[in-house]
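Trainee: Provided herewith is a single structure, encoded as structure tokens, for subsequent inquiry.
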Amino acid sequence: MEGPRSDVGRWGRSPWQPTTPSPEPEPEPEPDRSSRSRRGGGRSFWARCCGCCSCGNRADDDWGPEPSGSRSRGTSSRGGGSRGGDSRGRDSRGGRRPESRGSGVNAAGDGTIREGMLVVNGVDLLCSRSDQNRREHHTDEFEYDELILRRGQPFHIILFLNREYESSDRIALELLIGNNPEVGKGTHVIIPVGKGGSGGWKAQVTKTNGHNLTLRVHTSPNAIIGKFQFTVRTRSEAGEFQLPFDPRNEIYILFNPWCPEDIVYVDHEDWRQEYVLNESGRIYYGTEAQIGERTWNYGQFDHGVLDACLYILDRRGMPYGGRGDPVSVSRVVSAMVNSLDDNGVLIGNWTGDYSRGTNPSAWVGSVEILLSYLRTGYSVPYGQCWVFAGVTTTVLRCLGLATRTVTNFNSAHDTDTSLTMDIYFDENMKPLEHLNHDSVWNFHVWNDCWMKRPDLPSGFDGWQVVDATPQETSSGIFCCGPCSVESIKNGLVYMKYDTPFIFAEVNSDKVYWQRQDDGSFKIVYVEEKAIGTLIVTKAINSNMREDITHIYKHPEGSEAERKAVEKAAAHGSKPNVYATRDSAEDVAMQVEAQDAVMGQDLTVSVVLTNRGSSRRTVKLHLYLCVTYYTGVSGPTFKETKKEVVLAPGASDTVAMPVAYKEYKPHLVDQGAMLLNVSGHVKESGQVLAKQHTFRLRTPDLSLTLLGAAVVGQECEVQIVFKNPLPITLTNVVFRLEGSGLQRPKVLNVGDIGGNETVTLRQTFVPVRPGPRQLIASLDSPQLSQVHGVIQVDVAPSSGGRGFSEAVGDSRSGENIPMAFRGGA
């Protein structure tokens, strides 16, 4: 695509122009996925435990593309055997794994096993979903068979030895990550059994049973996150032994919000359940007065998603030594979820033409997007703010950070760091479009993640804003955050990262400037409550909406809020902006829009009230246009002029009826319209100015479960949709997705006639028990933003198995006939 500022519908400075087809996304270089060659050495046991000389494959990227439909997984080895059956020889993403390296090695490196040596025949990492480790680490929902741990928390393993363990024997566990593991960088961890390791790493023997040895291993709360290779070394009087690396024994380590020593620690269990473990959520959109909500499948535990999240860090080239720092990790994620600069996950598109990809409104979750990126290495078309935010929530929750998706209504986009939203008019109050670069988005979606901020002074821990939507550059790249919400609330815009930009999004003033006869500009009106009018997120343990505006800003109009705004503006590019303000206002104006469904007629109204003691005459001008949710509007398609006389204390209403046939030819994404109102009070010279955005609602999909849902057993869902428009919807596409229920599925259903009702039935096989969300969407060139969701309570299988290896069909582009078609 062209540079980001060329996107119609996104950048306020871009002129309105007809939609043109998007060019094919540029192909990206295929990532290097080759395994590194093995290194060896013949030095002493402890010398060979350092990163520069221990042998073995040190690569963290020994994987290939996942074959379509592949679900193979590795398992722990026991005496060289496999519990994985058909997973042997493949890595966790379905790609070919390197073979195990045969017998263990002795000090000479020749593979000779001498009598009396302590040989490790195998290791059981107790890594199945029902085992103690996965349950205690809250990773049992991951659809992986490898051991997945949260740092700073102990786990247990069993070593299978060739003889009984003796007090003179020495055992060391090793964890290695990256291409050149080094002890000093934390990428090569040595854990001597029975001795305290460095940085919180240690291991103790908890049980001996013949030749079996049970160990309790403690990981560091500051450990690097990622996928580690695991091996064991022993030393006895007869010699030294190293267990060969087995890819089935790879260990994933994640951040741990359950660990008080981890800087991502969250001291509320209900928060952890919601912001770390919940696999679905609500994302809010629309306008403050007409809030829409959509369910999003985060799917952070789906098979392949964890590998996709780690691949994002690899693709950025993030140094392994920095991967233990949540500040650095979240900042990299904010850069990599968008494709600009670094060929990240999603290509942004605000043009309205999505013919070469997927309409951002059609996505129902993150899984399809992340697995496509992992499988191909290419950026996925297309995303807008809620898609970037939904994927970011998935990535950060998957890696162990408590994260939520946040919507800010009337979100400012400050392009000149003035920390005000500036709108310029000529002498007749006609907008000067060539100067109006700032814009106000109807809504904007970003993320909050919870962590301490050791890089900032005290008092700035807690929620941090991370925004992956590419709007402005930070340190030369398109990323944003993490930024302390506390610094935003108090106008401390000098705190890193990107506080000025985010402050302007939530608490800047909307300043109207009028050109004077001498060419200078004067402030004629200030809207102090127009920006960041409502900030919301999904409530904990509920599908209700939670208002979190108060954590971002002091009460609107309060002394503390005004001080925060003026303090922030003093650090902006127009520090004296408030010095020229005039105030003489006794006529109030309020805009109201009828709540209407797309396809219906509607009415918008302006209510004027004279709060003074004298008669007032108001000349009013209303003009209506369609608008993208980013605040970029099209040409006016209807306008009204009227003069209103108001007695003291009186009110009057100016109404503008709008028929479907009037707005239909002009509609763009989100079905939003913008009413611009400007006016002038003859007697006092007061200037009236208001921009009011409203949207047309779209219908929902109705989902019904036909029968009970049981793990491993096929069940059926019925989807019903009624076309609200009198025109035919062409090339209609349904999407289905639900963690533990249905892998991402795309269904092509053809055309749907005007006002027609259609019924679609689909089968799926649940793979995990418990309450689940099955989410669907409908998209066509004529109608988008149509969604539906149903909760599915999945029972365990009759055999008592909590999980199933069955996988919902993930076919894409399947042509599906309708089960039933009916009239209006």
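Using N, Cα and C of the backbone, Cβ positions are placed for all residues, glycine too.
Among the features that Swiss-Prot reports, region 'Disordered' is placed at 1-44, 61-110, 801-824. Residues annotated as compositional bias 'Basic and acidic residues' in Swiss-Prot: 1-10, 85-100. Swiss-Prot lists Thr20 with the feature phosphothreonine, giving similarity to another entry as the kind of evidence. Swiss-Prot lists Ser22, Ser70, Ser92, Ser100, Ser103, Ser812 with the feature phosphoserine. The feature compositional bias 'Low complexity' is assigned by Swiss-Prot to 65-76. Swiss-Prot lists Cys385, His444, Asp467 with the feature active site. What Swiss-Prot records for Asn507, Asp509, Glu556, Glu561 is Ca(2+) binding site, and it gives similarity to another entry as the kind of evidence.
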Trainee: Could you give the Cα-Cα distance between Asn507 (Ca(2+) binding site) and His444 (active site), in whole Å?
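Mentor: Here the two Cα atoms are 14 Å apart.
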Trainee: Going by C-alpha positions, which of the active-site residues (Cys385, His444, Asp467) is nearest Asp509 (Ca(2+) binding site)?
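Mentor: Sorting the active-site residues by distance from Asp509 (Ca(2+) binding site), the top entry is His444.
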Trainee: In whole Å, note down how far the CA of Cys385 (active site) lies from the CA of Asp467 (active site).
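Mentor: Rounded to the nearest whole number, the Cα-Cα distance is 9 Å.
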Trainee: Which number gives the other C-beta atoms within 10 angstroms of the C-beta of Asn507 (Ca(2+) binding site), all protein chains shown included?
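Mentor: Result for Asn507 (Ca(2+) binding site): 25 neighbouring Cβ atoms inside 10 Å.
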Trainee: Any idea which of the recorded positions Asp467, Asp509, Glu556, Glu561 has the thinnest Cβ neighbourhood at 10 Å?
Mentor: Glu556
Trainee: Spatially, which candidate from the recorded positions Cys385, Glu556, Glu561 is nearest to His444 (active site), comparing Cα atoms?
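Mentor: That would be Cys385, nearest by Cα distance.
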Trainee: In which DSSP state, out of helix, strand and coil, do we find Glu561 (Ca(2+) binding site)?
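Mentor: In the DSSP reduction, Glu561 (Ca(2+) binding site) maps to helix.
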Trainee: Mind giving me a neighbour count for Cys385 (active site)? Other Cβ atoms within 10 Å of its Cβ, every protein chain shown.
Mentor: 28
Trainee: Neighbourhood of the Ca(2+) site (Asn507, Asp509, Glu556, Glu561): other residues with Cβ within 8 Å of the Cβ centroid, in order?
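Mentor: Apart from the listed residues, the neighbours are Ser508, Glu528, Lys529, Ile531, Gly532, Lys553, His554, Gly557, Arg562, Ala564, Val565.
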Trainee: How many Å lie between the Cα of Glu561 (Ca(2+) binding site) and the Cα of Cys385 (active site)?
Mentor: 27
Trainee: Can you tell me how far the Cα of Cys385 (active site) sits from the Cα of Glu556 (Ca(2+) binding site), in Å?
Mentor: 26
